[in-house]
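Per TrEMBL, Fe cation binding site is recorded for His196, His246, His313, His503. Look at TrEMBL and you will find 1-12 tagged as compositional bias 'Polar residues'. Residues annotated as region 'Disordered' in TrEMBL: 1-20.
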Amino acid sequence: MISNVASHQSPASVPERESCAEHRNHVAWTSVKQERWEGELVVEGEIPSWLNGTYLRNGPGVWHIGEFNFGHLFDGYAMLVKVHFEKNGRLIAGHRQIETEAYKAAKKNKKLCYREFSVSPKPDNFLAYVGELAKLFSGASLTDNANNGIYKLGDGRIICLTETQKGSVIVDPDTLDTLGKFEYSDPLGGFIQSSHPIVTDDEFLTLLPDLLNPGYLVVRMEPGTNERKVIGRVNCRGGPAPGWVHSFTMTEHYVVVPEMPLQYSVQSLLKAEPSALYQFEWRPERKAFLHVVCKASGKIAASVEVPLYMVFHFINAYEEKDKDGRVIAVIADCCEHNADTTIIETLSLKNLRSFHGQDVLPDARVGRFTIPFDGSQFGKLETVMDPEEHGRGVDMCSINPAYLGKKYRYAYAIGAKRPCNFPNSLTKLDLVKQKAKNWCEEGIVPSEPLFVARPGATDEDDGVVISMISEKNGGAYVVLLDGSTFEEIARARFPFGLPYGFHGCWVPEN
């Protein structure tokens, strides 16, 4: 069905852009000043009749408050974007800032009030510094800016997340209203969490790094509750601080806990002054590890040293079995940045806004870990396919959720068409044939491609891929690609530009 729907949006309510200086930037790296907008989009192409529901995307929407400007992509105050696919072919879209305490305080005081990824409020004097330390140890100074992940829980609630536990926020998928904090009802405590839990209709799994007694708690929460229960614990093998666990992965029976040498920097936290890697430090001498925890017993099934790695996002994992059905290894795939932390500074707004055609995006690959179950001390890290297949850039992956924790073939990611300073293409990865299909238009910045399976599908790639696109000319649109052919089937343009966003989720109509 082809839908060509006239937009009823009045020009007066179209969000304003940044100042004149900001006009020189790609719209992906600029703020939208209006907190809220909703309207109908004109559709070009054919939307599958079965695609009924709401695509939600989370990410930074505001990078400045008053005279204060953030310095890093990960800092911006959270903004939700929705695209609602109605059965009659209409598309209703909107965006809204998430009303976190950090955002409301900054808006009221015209300054930074909480610790964000790359910056902290500056104490006016020594007494103020002591007070700031007290707030740090209590967690009160940490941000609740839930600008990263968005998930549909098994009970239907929609939760937005960031690295801090207090940055867990419930939102309404229809109105995009902020409904309040997601208050955990357990006594586990702690301040930080993985920004990417693993969420299914049956459970919510996440990792809680322990800064005081370095290690990681593996916890589970059942639908309809706010209580996390401990599955098991992994003690750090690589030093006095846990590594960053932005994401992790799992198989049907095991949770894979990463321990990167990119570790939390206590010095940076205490000084309220970020290091060269902001709140982290790269300690390769402490080595890199992967731990496998049994979901049923909580026991550690394997713990191996692996080659150094730098990973924001894991893709999927599965179990290798022998002819008798015994697990002999766990395979874990990831977007791996060649053990190079340069990518973190590449994502500073200064660098993103100063692209003049140079090829400065650090290389990345699809990495595959093999974690043996034979008692070996070491695991392997190999490259799945020639990185040139996806332009030596890859991140922000999604898969068919029916294959979570199982052997799979396809993943969808952002890739690179060189030269670039940020991933500028969408790519479909065939991990069996070790080939990629790429989709790109000049001057675009795409967000994570989200795969939505066709109801009743039997083929792994039978569905559509949804991505929000920011354009160099200041525009923005949502694009739908066929999950199998990876060719465009439809797009719908917003009446204004949208900044780059991180991750999305699909909320079915039923």
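Quick reminder: no glycine exception, Cβ is built from N, Cα and C everywhere.
Quick caveat, the model's predicted, so the values are computed rather than measured.
For His503 (Fe cation binding site), the same-chain residues that are 6 or more apart in sequence and have a Cβ closer than 8 Å to its Cβ are Arg57, Asn58, Gly59, Asn148, Gly149, Ile150, His196, Met396, Ser447, Glu448.
A sphere of 10 angstroms centred on the C-beta of His313 (Fe cation binding site) encloses 21 other C-beta atoms. Within its own chain, His246 (Fe cation binding site) has Glu163, Ser194, Ser195, His196, Val311, Phe312, His313 as residues 6 or more apart in sequence whose C-beta sits under 8 angstroms from its own. Of all Cβ atoms in the shown protein chains, 22 besides its own fall within 10 Å of the Cβ of His196 (Fe cation binding site).
Same-chain residues with CB within 8 A of the center of the His196, His246, His313, His503 CB atoms, the Fe cation site residues themselves not counted, are Asn148, Gly149, Ser195, Ser247, Phe312, Phe314, Met396, Phe502.
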